[in-house]
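Data block below; observations after.
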Amino acid sequence: MNTTSPAAPSSSGVSFISLLVIIVLSVALAVGLPGNSFVVWSILAKLRKRSVTALMVLHLALADLAVLLTAPFFLYSVAQGTWTFGLSSCRLFHYVCGVSMYASVLLIMTMSLDRSLAVALPFVSQKLRTKAVAWRVLAGIWVMSVLLATPVLLYRTVHLGLNNRSLTCFLKYPSERHRAFHLFFEVITGFLLPFLVVVASYCDIGRRLRARRFRRSRRTGRLVALIILAFAAFWLPYHVVNLAEGFRAAAGKALGSGPVGRRLLLARHVLITLAFLSSSVNPLLYACAGGGLLRSAGVGFIAKLLEGTGSETSSSRRKGTLAQTLRGTPASPEPDPAESLTASTNPLE
């Protein structure tokens with residue numbers, strides 16, 4: 001991520017910011033670490049047939065876990081008021097956060113495109129939506145995330161803080177032009193383009209469903225809204241600050257210079273922690289989407305929520321029906337088209 005470290009605030013007058021960072025990071029760890037571990041366990045241990053969507057949810061949870069596993073190091077640094085883990089750890093931990101950020105954003109974007117394709121071109125979606133294609137897409141997402149996050153390795157360094165006593169894991173650029181480029185690059189690739197794709201995909205889904213007058217389940221509509229709102233709520237403020245800093249850097253203004261620069265720097269220290277909080281929210285969204293499944297299936301509700309999802313299951317059902325027809329065996333009745341399309345618009349189906 002193109003950020004200063006959560007441990008960066010070290011001058012007097014920012015103790016409140018440090019306390020807020022500690023509280024938010026602690027909440028993210030307390031909720032996200034067991035929550036995402038539960039999602040991974042549910043998919044690997046409880047789900048016998050993993051659909052394409054289940055694989056994406058699994059990788060989303062793994063990306064979130066990777067971020068959360070770095071949180072204790074940042075918590076310790078904030079509490080101590082200095083970075084004590086050296087240059088290699090400074091670069092590694094922030095690089096892991098950057099890779100996970102891109103992976104999470106690209107996975108959410110891919111899931112929204114997958115749902116949009118399933119509604120717009122269902123037969124094409126069935127042909128493309130196979131495990132082999134899914135694994136290639138997932139591999140591509142991780143490779144792209146690794147590449148997009150590489151500027152973190154180039155610009156991260158450890159140096160003395162403003163008080164000349166504490167060490168800070170910080171972004172240091174050769175020039176303000178480099179800083180402006182990195183800021184704009186991260187805003188565009190890490191938020192703007194993926195967010196536009198997510199919004200466009202769900203707008204297209206809604207438009208097609210309204211045009212065809214299909215019913216939409218309350219659970220589906222609620223989950224779609226929650227995913228988009230959570231995506232925007234956690235990442236929009238951070239990238240707005242990045243955008244403002246990018247314009248300041250392009251104008252040749254140094255980081256933290258002037259009253260506006262100092263406010264933006266303090267705002268970033270808080271908004272960085274929202275990235276950690278965003279890594280803990282997805283299990284809560286699944287619990288909201290589960291509804292009655294949480295009460296009826298207990299700890300297996302994630303597996304029930306993802307069980308038989310995607311077009312792989314429906315394709316198998318159609319192949320079985322065709323075989324029955326060729327043998328002269330009566331086929332089981334097809335579900336109502338409206339119900340099929342309604343189900344296919346669920347991002348977790």
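Just so it is clear, glycine is given a Cβ too, placed from its N, Cα and C backbone atoms.
According to Swiss-Prot, the topological domain 'Extracellular' annotation covers 1-19 (among others).
According to Swiss-Prot, the N-linked glycosylation site annotation covers Asn2 (among others).
Same-chain residues lying 6 or more positions outside the transmembrane segment (20-42) and placing a CB less than 8 Å from one of its CB atoms are 6, 9, 57-58, 61-62, 64-65, 68-69, 71-72, 74-75, 78-79, 269-270, 272-274, 276-277, 279-284, 286, 299-300, 302-303. The feature transmembrane segment is assigned by Swiss-Prot to 20-42 (among others), with sequence analysis given as support.
The topological domain 'Cytoplasmic' annotation in Swiss-Prot covers 43-54 (among others), and the record cites sequence analysis as its basis.
Annotation source Swiss-Prot lists transmembrane segment at 55-75 (among others), citing sequence analysis. Counting same-chain residues at least six beyond the ends of the transmembrane segment (55-75), those with a Cβ under 8 angstroms from any Cβ of the stretch are 5-7, 22, 25-26, 28-29, 32-33, 36-37, 39-40, 43-44, 85, 89, 93, 96-97, 99-101, 103-104, 107-108, 110-111, 114, 131, 134-135, 138, 141-142, 275-276, 279-280, 282-283, 286, 306, 348.
If you look up Swiss-Prot, you'll see 76-91 (among others) marked as topological domain 'Extracellular'.
Among the features that Swiss-Prot reports, transmembrane segment is placed at 92-113 (among others), with the record citing sequence analysis.
Taking H, G and I as helix, E and B as strand and the rest as coil, DSSP gives the topological domain 'Cytoplasmic' (114-138) the counts 22 helix, 0 strand, 3 coil. Per Swiss-Prot, the feature topological domain 'Cytoplasmic' maps to 114-138 (among others).
Nonlocal intrachain contacts for the transmembrane segment (139-159), taken as residues 6+ away from its ends with a CB within less than 8 angstroms of a stretch CB, comprise 1-2, 59, 83, 86-87, 90-91, 94-95, 97-103, 106-107, 110, 167-173, 178, 182, 185-186, 189-190. According to Swiss-Prot, the transmembrane segment annotation covers 139-159 (among others).
Positions annotated as topological domain 'Extracellular' by Swiss-Prot: 160-179 (among others).
Here Swiss-Prot flags Asn164 (among others) as N-linked glycosylation site, drawing on sequence analysis.
Away from its own ends, the transmembrane segment (180-200) comes close to residues 1-2, 101-102, 105-106, 108-109, 112-113, 116, 148, 151, 155, 171, 173, 227-228, 231-232, 235-236, 239, 242-243, 245-247, 249-250 of its chain (Cβ-Cβ under 8 Å, at least six residues beyond either end). The annotation transmembrane segment is assigned in Swiss-Prot to 180-200 (among others) on the grounds of sequence analysis.
What Swiss-Prot lists as topological domain 'Cytoplasmic' is 201-222 (among others). Each residue in the topological domain 'Cytoplasmic' (201-222) has a pLDDT score, and their mean in this model is 67.
Per Swiss-Prot, the feature transmembrane segment maps to 223-243 (among others); the stated evidence is sequence analysis.
Taken from Swiss-Prot, the feature topological domain 'Extracellular' applies to 244-269 (among others).
Annotation comment: Swiss-Prot describes 270-290 (among others) as transmembrane segment.
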